[in-house]
Amino acid sequence: MGSLPFPVGDLWAIGPELIITLAALVVLLWGALDGPRKRPQQFAWFTLAAVVVAAVVVLRQTPTDQTYFSGLLGMDAFSMFFSALFLITAGFAVLASIRFLDDHEAHHPEYYFFLLTALLGMMFMARSVDFISLFVGLELQALSVYVLVGYLKDDHKSNEAGIKYFILGAMSSAIFLYAISLFYALAGTTNLAGIAEAITSSGLETSKLTTAALILMASALGFKIAAVPFHVWAPDAYSGGPTTVSLYITVASKAAAFAVMMRIFLVALEPLQDSWTLLLAGLAILTMFVGNIAALTQENLKRMLAYSSIAHAGNVLIGVVAAATSDGDARSFAIAASLFYLLAYTFMNIGAWATIVLVRRNGLAGENLEDFAGLASRSYGAFFCMLVFLLSLGGIPPMAGFLGKWYVFAAAINSGWTSLAVVGAINAAISIFYYLRIVVVMAIQDPVEDTTLVHSSPLTLTLVAAVVMTVLIGIWASPFLDWASSSSQLVH
């Protein structure tokens with residue numbers, strides 16, 4: 001018998017990914033063999049169980065600077081942090097989806113298959129230390145998400161959003177691949193650390209080809225994180241797709257894109273930081289202002305949260321810029337601040353989208369602002385949950401979102417980007433207006449006729465857990481900041 005082309009120990013490194021792969025295949029085959037499905041929720045619980053098992057394996061792994069599979073994948077604390085983040089989001093997405101899919105008569109195993117394959121792609125994106133494996137993971141995630149956004153086949157908004165997302169996403173992937181080819185032509189390798197070494201040793205910093213590759217890479221990744229002016233797909237994709245899918249991709253897909261961005265810009269392109277820090281700083285400013293100002297005018301709550309998500313991407317970009325222009329403890333703190341921000345954003349954003357799943361109008365999703373009128377009088381529990389999430393998104397203490405912004409702005413000041421921190425603070429103030437606008441509608445206005453609240457135990461669990469974590473991170477931040485700090489070292 002021939003031996004494996006890689007050490008057996010490499011399989012442990014991708015243990016969580018193997019579990020998710022196996023679960024996805026089981027769901028697909030189980031669904032095909034099941035015939036008439038009398039209990040479609042069984043696929044949800046199986047998917048949730050697989051996610052929990054994978055999370056346990058991630059927690060039992062020991063971070064290392066060693067690479068696996070011929071230098072394609074890493075198992076550093078940075079990748080494990082993001083894997084945990086993706087698994088948390090996937091678990092909440094499954095819980096929120098159970099009642100939502102039942103109500104839309106769209107509870108099929110294919111939904112959970114694509115949710116798992118998207119999760120698998122994200123986990124590989126975070127682990128990749130080479131452009132080859134990174135691109136494969138990115139495309140696996142992207143193709144799965146395109147299907148999920150257009151999943152509701154009888155909903156023309158979902159279909160339209162899926163098609164738009166696919167077309168624009170394919171263009172960004174082509175740009176990303178072209179940028180990779182240029183860097184390979186320059187450096188002769190697709191390894192991220194190898195590219196940095198080649199740029200430094202060969203004096204390629206001033207090459208026009210290097211500049212072109214850098215601009216293409218920034219454009220492609222700008223699309224993936226929905227940074228302005230590459231954000232045009234996001235409002236349609238987030239508002240047109242199923243609400244539970246929007247919950248999933250506004251957190252997990254965005255976090256995966258930032259994992260890739262930090263890996264590429266802070267490792268492969270670190271020698272070029274003088275060329276791209278101003279570019280990313282400009283993107284951060286544009287993204288915050290456009291996202292927040294556009295959100296002010298929205299009457300559709302899903303579109304408002306979509307533009308809010310765009311603005312939050314600008315805040316994380318501040319942390320990336322701060323990390324690039326500092327070293328030592330200041331650099332580690334800037335990366336940790338970005339990770340902490342993403343962790344806080346995970347719970348408050350999941351909760352906000354899950355609250356939207358609660359509301360129905362005429363039997364359909366209640367996603368307009370007026371559908372939430374009088375929520376305080378109809379369900380104080382739902383109102384309280386949404387209030388916590390909105391205050392946190394607005395950065396009001398003592399919620400998690402306040403500390404997320406505080407640490408990112410502090411990192412910017414420590415790195416000499418005080419002006420960027422001031423712009424971030426101004427935008428935080430702008431965002432409070434539209435978040436409090438929702439609170440006023442929920443607390444003061446009279447309820448609209450034909451609106452109801454849809455309750456289910458899994459959805460209630462999602463909301464309660466998200467509220468607890470949003471408050472807990474805000475009032476007891478030290479263990480979470482320590483986790484982010486210990487995950488801030490990128491493998492070179």
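From the backbone N, Cα and C atoms, a Cβ is placed for every residue, glycine too.
No curator has checked TrEMBL annotations; they are predicted automatically.
Computed from a predicted structure; not experimentally measured.
Annotated in TrEMBL:
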- 129-431: domain 'NADH:quinone oxidoreductase/Mrp antiporter transmembrane' (DOMAIN)
- 12-31: transmembrane segment (TRANSMEM)
- 43-60: transmembrane segment (TRANSMEM)
- 80-98: transmembrane segment (TRANSMEM)
- 110-126: transmembrane segment (TRANSMEM)
- 165-187: transmembrane segment (TRANSMEM)
- 212-233: transmembrane segment (TRANSMEM)
- 245-269: transmembrane segment (TRANSMEM)
- 275-297: transmembrane segment (TRANSMEM)
- 304-326: transmembrane segment (TRANSMEM)
- 332-359: transmembrane segment (TRANSMEM)
- 380-400: transmembrane segment (TRANSMEM)
- 406-436: transmembrane segment (TRANSMEM)
Tertiary contacts of the transmembrane segment (406-436), as residues 6+ beyond its ends and Cβ separation under 8 Å: 281, 284-285, 288-289, 292-293, 295-296, 298, 304, 308, 311, 314-316, 318-319, 321-323, 325-326, 330, 333-334, 336-338, 340-341, 390-391, 393-396, 481
Result, the transmembrane segment (304-326) in contact with the transmembrane segment (80-98) (3+ CB pairs under 8 Å): no
Result, the transmembrane segment (110-126) in contact with the transmembrane segment (275-297) (3+ CB pairs under 8 Å): no
Contact set, same chain, for the transmembrane segment (110-126): CB under 8 Å, 6 or more residues outside the stretch: 16-17, 20-21, 23-24, 27-28, 31, 43-44, 46-47, 50-51, 73, 78-79, 82-83, 86-87, 90, 93-94, 97, 101, 133-134, 136-142, 144-145, 147-148, 151, 248-249, 252-253, 255-256, 259-260, 263
For the transmembrane segment (304-326), distant same-chain residues with Cβ under 8 A (at least six beyond the ends): 225-228, 231, 234-235, 237-239, 246, 250, 254, 258, 261-262, 265-266, 270, 273, 276-277, 280-281, 283-292, 294-295, 298, 334-335, 337-338, 341-342, 345, 349, 352-353, 356, 369, 393, 404-405, 408-409, 411-412, 414-417, 420-421, 424, 427, 431, 434-435, 438
Residues from the same chain, set at least six apart from the ends of the transmembrane segment (245-269), whose C-beta lies under 8 A from its own: 78-79, 82, 85-86, 89-90, 92-93, 96, 115, 118-119, 121-122, 125-126, 128-129, 134, 138, 141, 145, 148-149, 151, 183, 192-193, 195-196, 199, 214, 217, 221, 224-226, 237-239, 276, 280, 302, 305-306, 309, 313, 316, 320, 323-324, 335, 338, 342, 345-346, 349-350, 353-354, 357, 490-492
Non-local residues, at least 6 beyond the ends, that sit with Cβ under 8 Å of the transmembrane segment (212-233): 138, 164-165, 168-169, 172-173, 175-176, 178-179, 182-183, 186, 253-254, 257-258, 260-261, 264, 269, 272, 275-276, 279-280, 283-284, 286-287, 289-291, 309-310, 313-314, 316-317
